[in-house]
Amino acid sequence: MGRGKVELKRIENPTSRQVTFSKRRNGLLKKAFELSILCDAEVALIIFSPSEKLYQYASHDMDRSIVRYRSEMGLPGSADNERTRTIEFWKTEIEELKRSTENLEGNLRNLAGEDLSMLGMKELKQLERQLKIGVERVRSKKRRIISGHINYLKRRRRALQEENTRLQKKVKLLEQQDDTNPTL
């Protein structure tokens, strides 16, 4: 024996309405699941309760189903949203790089001794420490370069002295040969 036909109209009693919502929601979710399994259909179901709670079922990825729905319906879809998100990402990235560049330029000006009026005592001491460390690094590098150049010059001097000694011996040898072989 089957049930009689239910007249479709809003249920006035809030308790009865909530009970009916819960039962029918569960039945609808069950039917969506069965349809996806039995027919291998892509099913996406979204339900908002009167209290604005979200209930959903998706046999596949919900976002993919929504994108597909928007595409089928010719609605502005996620491709636009994706482009918008990409544009927003790059705008944010550009703003962040601009801020970073401004900070680096400010630091460079400070290191050059400019725009110091905005700095407090703590920042000035930190800047002084950075400059001392920088100066020490520059001096150290300069000493290494000079030391390397001095070593090169010493080797060059030694090589030139050896060359000079060799040439002097050659000249003496040639002079001795000239003295022993007098020519006309």
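These residue numbers are counts, starting from 1, taken along the chain as shown.
Just so it is clear, glycine is given a Cβ too, placed from its N, Cα and C backbone atoms.
Curation does not apply to TrEMBL; its annotations are automatic.
What TrEMBL records for 87-177 is coiled coil.
Per TrEMBL, domain 'MADS-box' is recorded for 1-61.
Here TrEMBL flags 87-177 as domain 'K-box'. Break the domain 'K-box' (87-177) down by DSSP state and the numbers are 82 helix, 0 strand, 9 coil.
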Please average pLDDT over the coiled coil (87-177) for the predicted structure.
92
Run through the domain 'MADS-box' (1-61) and tell me, per DSSP, how many residues are helix, strand and coil.
26 helix, 10 strand, 25 coil
